[in-house]
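Chemist: Sequence annotations record features per position, and here TrEMBL assigns transmembrane segment to B:30-49, B:69-94, B:106-128, B:140-163, B:196-219, B:231-253, B:331-352, B:373-398, B:418-443.
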Amino acid sequence: MLADALLAVMWLGLTCYALFGGADFGAGLWDLLAGGSRRGLPQRRLIEHVIGPVWEANHVWIIFVVVLLWAGFSPVFAAVLSTLYLPLTFTALGIIARGAAFAFRKASTGLAARRLFGACFAVSSVVTPFFLGTVAGAVASGRVPPGLAAGGPVASWVSPTSALGGVLAVLACAHLSAVYLCADALREGRPELAGAFRGRALASGAACGVVAVAGIAVLHADAPRLFTGLTHRALPLVLLSAVGGLVGMVLLVRRRYIVARASAAVAVAAVLWAWGAAQYPLMLVPDTTVAATASHPAVLTACLASLGVGAFLLVPSLWWLYRLFQQDMGAGRGAAGGGRDEQGGWEGRDGRDGPG
Amino acid sequence: MLTDAVHRLLAAAASPGDLAAARAQMGFSLAWHIVVACLGVGLPLLTLVTEWRGLRTGDPVLRLLARRWARAMGVLFAVGAVSGTILSFELGLLWPGLMGRYGQVIGLPFALEGIAFFIEAIFLGIYLYAWDRLPPRVHLWTGVPVVVAGVASAFFVVCANAWMNQPSGFTVRAGRITAVDPWAAMLNPAAPPQTVHMILAALMVAAFLTASVHACALLRGRRSAYQRAGFLVPFVLGAAVAPFQIVVGDWAARFVAANQPVKLAAMEGVFRTGGHVPLTLGGVAGADGLRYGLEIPSGLSLLIGDSPGAVVRGLDLVPPARRPAVTGVHWAFDLMVAAGFFLLLMGVWLLCAWWRARRRGGGDPLAGRGGRAFLLLAVLTGPAAVVALECGWCVTELGRQPWIVQGLMTVREAVNPAPGLMTGLWLVLVVYAAMTAATVVVLRRMATERPVPVAPQERDVEDYPVV
């Protein structure tokens, strides 16, 4: 019971990481695809402006998940991290490159430096969710046995399910981010950017749908247990995800950007919970259960109690953070609102930038 | 299956090369993170104090200073956040033996650290990016959780490290952990001296590094009120902490003497248990003692046992295979102590100069030939604080070898048996080298850049100076 509660909290953390941290990674993908330094500037500025204040807080969710996994299910943590040493090392390096390069770019003014750090930020924003997706695929398809480095260092994650996980993770991040950015662009008074991200949201959403449908065949062939779970116990969640995705697309077409955010988030969250529901009560397929790997009740109680108390601090703080930066700040604070006109770099002043 | 896992966990052994690579990778990434982590703890306090004084006195210099430090803080916090995340991965990637068996015992402080770090990240975002969106007083208050949570993070993480030195809070029967008291594990006996020592060290590192940067500017002739305040505020804070740190350091050393005698023996190069043990400065470890060191007769007996005849336990407590590398640990310890006293004396120097200038009826304690000599040495206080920090950390980690958990698990038992750890080390070294270079370049550019943005991280409004 306690172990299930901690697992649920951990899964909630993973969901938040996907919905918030994932969207920040997606923003990096759109940064990568924004085009040349002049043409892509408005989009890059919007992305930088929107994720700047929140990405560190969003990033903490992954630390949360990692720490709860080892506190609550130490043998599973040891098994997953030792077997999936390679993709997780790539993930870790991707996390470093993404966060550091983003901060460096924000603090740099010269075009060359901004290009270098920007490229680093954008590429690692794609690499990181891809490898996290392969990790998910490896665990979900039962390729991580218990014990230390008991699975193949390469064979455990170079598999159809891992590839599916990686691609789906990147696409889902991209979709979430594009949907979120539509409303952000409108708030910043850039309807043309909102239009551009709407197109990207629709394209990435469609790609997610195609990959997910193709994924059914992949899972049927490569991870039959997961397939059975998804088509039986977890079926309602799978359907919820499909409905959420489709409704989100319709809302995008109708330019209802705020509601579309919720719908897209439901679609992504439902996938994660469907995976959890399909695999429960196994931590590691085929026979390592939640109960067998859970920490002592005293540890679980202490962690849950701390998290309960911590939630009283965290929830209002997070709410304030998002509220502060999701408010319409009016003229003079726009991300794309002009700035310094450097050679080939910053966009010219467009008059919105009143003296604050 | 589970017993099988535990069996593997204890019996598996990696190749010596991979074990060395894993140790090097962990040591390197920790050594890197520990500096930015200290800046993450200390810099917000400095900035907040300066902003507070600036608001109270209306002094534009202090307000400008706070904004510029805050910009550097934004970059340093980002690299600190990611380099810290990697450490939590590395605990599992490199030391799954430790985490698989004892992860649950030390899970609580990390969970608490997660919460503290969350608070820190949230409020740092608000503090940096909402500078111009909030009333000044409210903005000032948003910095307080950053400081409190930063100190709390340091406390929780060092509690976990202290547990590795004094493992407690669990019961083992027939090789299995049968009961865990996570609170007792977190608040283990080594936690008080280690956490206090570390938090004070963090303040000193942040303060003296900041002071060093401004001392450079003063030496280059930029004797503005801005540079003076930028030097004096952090220097005074660091110098005020230094004497307390030496007292706390003594407490920590006595604790180690009582509870980890082999580590203390390595720190001081004591080979044979006995009385009238000299305090040896420097030297090289031979087969049965330190050679070429400077000896103070009965010094160590006096320091540890308060009497010249007090018995100090030596390395002969354990067989040679269970001893850490003496020369390295001993030198690290001596260097740390030397750097600590250097910082203390620099504080005393400034106090004397200030007092003399006051007696002469005002004047600048930083002026004149004495002032220049002082500033020249003051430039070294930042690097000295970092040397002390790294050496102190080396002492506590290398001094515990070959144990990862004192007396219970060796690093060899804990390391990931997967092949290819050496490759991981090279990858990590390359990425960290690039990150180090970029951090230095970005911070240097920032220090020389003229325009100061309204909100430190909002580049788009930087054309409007506030002060």
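The backbone N, Cα and C atoms fix where each Cβ goes, and this holds for glycine too.
Whatever TrEMBL says is automated annotation, not expert-curated.
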Chemist: What residues in the same chain, six or more past the boundaries of the transmembrane segment (B:140-163), come closer than 8 Å to it by Cβ-Cβ distance?
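Modeler: Distant contacts of the transmembrane segment (B:140-163): 37, 40-41, 44-45, 47-48, 51-52, 55, 105-106, 109-110, 112-113, 116-117, 119-120, 122-124, 126-127, 130, 134, 169, 185-188, 190-191, 194-195, 198-199, 202, 396, 405.
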Chemist: Under a criterion of three or more Cβ pairs within a distance under 8 Å and sequence separation of at least 6, are the transmembrane segment (B:196-219) and the transmembrane segment (B:231-253) in contact?
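Modeler: Judged by the Cβ rule, the two regions touch, with the required three close pairs present.
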Chemist: Can you tell me which parts of the same chain pack against the transmembrane segment (B:30-49), counting only residues 6+ beyond its ends and a CB-CB cutoff under 8 A?
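Modeler: The answer is 66, 69-70, 72-73, 76-77, 79-80, 83-84, 86-87, 120, 124, 127, 140, 143-144, 146-147, 150-151, 153-154, 199, 201-207, 209-210, 233-234, 237, 386, 389-390, 393, 397, 432, 436.
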Chemist: I'm a bit unsure how to read this: which one of B:69-94, B:331-352, B:373-398 has the highest number of Cβ pairs shorter than 8 Å with the transmembrane segment (B:106-128)?
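Modeler: Most contacts with the transmembrane segment (B:106-128): B:69-94.
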Chemist: For the transmembrane segment (B:373-398) and the transmembrane segment (B:69-94), does the number of C-beta pairs under 8 Å, pairs 6 or more apart in sequence, reach 3 or more?
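Modeler: When sequence-distant Cβ pairs are counted, the transmembrane segment (B:69-94) does not touch the transmembrane segment (B:373-398), since fewer than 3 lie under 8 Å.
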Chemist: What else in the chain is close to the transmembrane segment (B:231-253), if you only count residues 6 or more beyond its ends and a Cβ gap under 8 Å?
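Modeler: Same-chain residues near the transmembrane segment (B:231-253) but 6 or more away: 45-46, 49-50, 62, 65, 193-194, 196-197, 200-201, 203-204, 206-208, 210-211, 214-215, 217-218, 264, 267, 303-304, 337, 340-341, 343-344, 346-347, 350-351, 366, 375, 378, 381, 385.
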Chemist: Let me spell it out: take the transmembrane segment (B:331-352), skip the flanking residues so only those 6+ beyond its ends count, and list any with a Cβ under 8 Å from a Cβ in it.
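Modeler: Answer is 204, 208, 235-236, 238-240, 242-243, 245-246, 249, 267-268, 281-282, 365, 374, 377-378, 380-381, 384-385, 387-388, 391-392, 394-395, 398.
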